[in-house]
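Annotation source Swiss-Prot lists topological domain 'Extracellular' at 16-458, citing sequence analysis. According to Swiss-Prot, the N-linked glycosylation site annotation covers Asn336, on the basis of sequence analysis. The topological domain 'Cytoplasmic' annotation in Swiss-Prot covers 480-1073. Here Swiss-Prot flags 508-808 as domain 'Protein kinase'. Here Swiss-Prot flags Asp883, Asp927 as Mg(2+) 1 binding site. The Mg(2+) 2 binding site annotation in Swiss-Prot covers Asp883, Ile884, Asp927, and the record cites sequence analysis as its basis.
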Amino acid sequence: MRRELFIFLLLLGECANVKVKVGHIGAVGSMRNAEKILQLSKEQLTQEGVLGNDFDIEILNQMGCGESYEGVAVGADMYHVQGVRAFIGPYCNAELDAVAKMATFWNIPVVGYMASSNSFADKTIFKTLARVSLRTTNSLAEAAAALIKHYGWNKVAIATNTGAVAFERVQSFEEVFHQRGINVVRKIMLEEYTNAKAIMNSGLLQELENSARVVVCAFSSTRDMNKEFMQAVTLSGMNNANYAWILPWLQLETKDMAPWLGENGEYQQNVKDHFANSFIIDDVNGFDNTLVTPFKERLEASGYSTDDLEMKNIYGYIHLYDALRLYALAVRATMNETGNENSYLNGKEVWNHMRRITFPGLVSNAGVTSGTVMMDDIAERAPVYAAFYVPPNSDTVRKVCELEPVMLTNCDGTKTGNGCYELQVTDLSTGFWPSIDGSLPADEPACGFRNEKCDYTTLIIGGCIVLLIILLIICFFILSRVCENRALANTPWRIYRDDFRTIQENEMKSMLSIGSSKTKMSNMSMFVKHHAVVGTNTHASFHLYPQRRPIVFNRQDLQLLNQMKQAVHDNLNPFLGMSFNEKEEMVVLWKFCSRGTIQDMIYNQEVSLDSKFHGAFIRDITLGLEYLHSSIIGYHGSLTPWSCLIDRNWMIKLTDYGIANPLERWEKLGLISTETLKEGDDKSGSAQKTSLLYQPPEMLKNKESNRTRRMDQSWVKQSQARRQMGDIYAFGMVMHEILFRALPFPNGTNVSEVMDYIRDGTKTFRPTVHDRTQIHPDLVALLLDCWNENPEVRPSIRRVRLNTENYLKVKGSLVDQMMRMMEQYANNLEKLVAERTGMLEEANVRADKLLGQLLPKYVANELKMGRSVPAKTFDMATVMFSDIVGFTTICSSSTPLEVVSMLNSIYSKFDDAINKHGSYKVETIGDAYMIVSGIPEENGNEHIRNICNTALELMLLLKTYEIPHRRNVKLRIRLGIHTGTVAAGVVGLTAPRYCLFGDTVNVASRMESTSEPEKIQMSQEARDFCVRYYSEFQITLRGTVEAKGKGPVTSYWLLGKQSESQMQQQNFSQLGI
């Protein structure tokens, strides 16, 4: 209807020419040359056909918004004198208030384009007022409320300042928050145009800290007041991830006037950092030059210059352009709808057509989101806002969400008092907040601002329990320390002198039977000299040290001796204890090992040591050392071949461990005396029993110059590490002796000279491997590493163990190797048993198969189970006999082997035919053959068919059979068949046979004997039974024959078997078909 009416009005042409005067009231000193924008808007409307001959606009421009409200007078003059029937503006809120109220009385429309006051949204007062400005107080309040609800906040505080402008804004925010269910928990009011220092000194920030975590800032001066307030917040330490600051941006200038830009446009990072962790709500193009470029291009494309325009008021120009378009479009729509050319005089009607209208604005074609103008239900522009997050320590502003209006249906804004739209929040970014998980802060602490929401009873009780536990732990520690001291004082390792007795050498040899046993070591004399018995039956070896003064053990000594007493490992010799402060001697006792020391083994030439012994001994020593190095004891300290004992299981047990350091200290204190055996110039390997040879060089050098030159003094202070590296050196010496049965020095070397060379740092004399052909090169390198002069370069005991096990192919101790050999033997034995068992099973299978060929399967199974098979009478079975015709003649002209070969060949074929047709061969006697079916397994009536099929196949086989040694002679047989009752059973125990008995057998035999060559003779009973159940067989009457013992009997010839097609043809013939 509207379209047709519009076309009709256009056709009127010259008949209806309406020219409306529109008055624009600008502002003195703002938006120069605003009439240029209005003229551009009018030209665009004319191009679009909105304005034309029937409807045109005349624009009158006047200035207002001065100090004396001259804009109000200008408005009255325009209406009464100049005939203006619509207003655009005034620019400022105060004058727009007066002009809009008069326009309501005059019933003419007013389009505001810069005023932002919330009061203009009341359409009960401003009935003909529409606004196209992007930012208004009430829309910003709606945007702030939508953002707050979107992030789940329900409690906020408002920060504002004194003054009418701020009061009006706060009132608008409070009303919207109340409508949206947002509770304003606190409102602070600052002095207008105050500074950051004054804000901090006012104490108001502390009030915010104690009442809110989400704060909305609604100041009269958006730029200046927010700048000072956020500086105060930052200096007060409240600008962090626990607070959210929401800044609704009412500034209408471009981003050149952002608060962190100076007067000359310079960027101020320190000011911007004050705005960190805040949300700035602005139109969707805020903090951007998005509108500037398309605005200039649009004006220049229309032939206008932008040089005389104020680009900082770009929003004002855009709104002014959109205001004229809104009015013209509304008038055109009104005229089209009413058909009355004077309808533009009805301001209320024109205002109604400004509601819910959407049209392109000045920059809508440039892809700018805010370029399109959408009016709500009370002719207010529905804005498109965005929330911008200001990240800390960054020069950018991040858009995190957009708030787009969505119009509501079934809503009348004139009744509800609002624009009938909702702001829909769309997230553009998440996880941006500088918290641990990126989540925004809650609107209040979990326990409230005064901890009123948390029950601390559990926490207090828990704290008391924790405190009690700590006290108990302290008490337990003190008590355990006391108990430990008591336990140390109890000295479980102490052995009183009266509790053991030493054994003389002769007595020991008698006890161990050394003299009579050839398997014992002959060099155990030194070992058995130090033997004792503790208690009644515990044999021990001991070391005796003369004691000069009483020994008082310190805590470290007591701990070490307790640890030695508690040490348990397969390759450690148990420490039995010590006897001290008695009889002026100190005795250290260890468990006795019956096979002596490894030194006795090495230097006994009667004993042969192969690689298995080498690997097992070295492995045991490394395992023992590895345990000591990883235990609390920490080291051995005096490793020598005679401190490696061999138990009765040929396992190495390390002895004398851990005691070297205390002995050295006690000797320096003058408490005991340690005796060192010096063998002088004795060069035999077995006599060089001196521990000094196994001491590393750093332990023997006693000159300060040598110590400082050869090693770092700080390392020497580390006693445990020093002792461990000394163990590695000593292990290298012992391993060389095990492998080569000699010390790692040239033959003929004097022991005393060796020790002197080692002590003297000016001469180089080190152990070396002289015969390197017998062992792996890597093992040689390992030995040399163990003897390295620098202790820090020597390998760890773990590396030594892994390398020796790898190079010597060690797989356990000697007992382990013997067990593996026994296990291998057992596995071989099991394999042999399995093979023999398999052979036995295979023989059993062959025997079972052979037995199954001699006897029926059922009978064979019963006999194998040891059960007897009773004779049984079968009511109906069929027996067949066969006989080779002329067999005697053939045998007379053949050798026995040829006869056997012939019979084996023909009977093998017969056996296959018998098995094929479910028959059983009872026996063969020479050339005679007895076959039965239905015995021993009954098969109903099938026995006659099985025998007939078998007989026919035997005849067929003989037609193609040739005697191997007589190709020209044809083999012929006679067959006889009879059906009847048969008795069967097993006869004999040694060679059991399954035999058939009864008249049926005799008759079958007579049928064979009276038959003719190459023919199958059947008795009357067999023929009748076959014809009754199986008519496919071709049987013809022979006549009467004389059977021995039976007299004359009637017999038949079995000629063959009809095929299925012949059977069908015969049946059809009988039916007459």
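Just so it is clear, glycine is given a Cβ too, placed from its N, Cα and C backbone atoms.
Not measured: the values here are computed from a predicted model.
DSSP gives Ile884 (Mg(2+) 2 binding site) a strand state.
Within 10 Å of the Cβ of Ile884 (Mg(2+) 2 binding site) there are 21 other Cβ atoms, across all protein chains.
Within its own chain, Asp883 (Mg(2+) 1 binding site) has Asp927, Ala928, Tyr929, Ile973, Arg974, Glu1008, Ser1009 as residues 6 or more apart in sequence whose C-beta sits under 8 angstroms from its own. Taking the Cβ of the residue listed as 'N-linked glycosylation site' as centre and 10 Å as the limit, one finds 21 other Cβ atoms among all the protein chains shown. Here Ile884 (Mg(2+) 2 binding site) is positioned 130 angstrom away from Asn336 (N-linked glycosylation site), judged by their C-alpha atoms.
Classification of the residue listed as 'N-linked glycosylation site' by DSSP places it within a helix. In sequence order, Ser882, Val885, Phe887, Gly926, Ala928, Tyr929, Ile973, Arg974 are the same-chain residues whose CB sits within 8 A of the CB centroid of Asp883, Ile884, Asp927, the residues recorded for Mg(2+) 2 being left out. Secondary structure from DSSP puts Asp927 (Mg(2+) 1 binding site) in coil.
Across the residues of the topological domain 'Cytoplasmic' (480-1073), the predicted structure has a mean pLDDT of 79.
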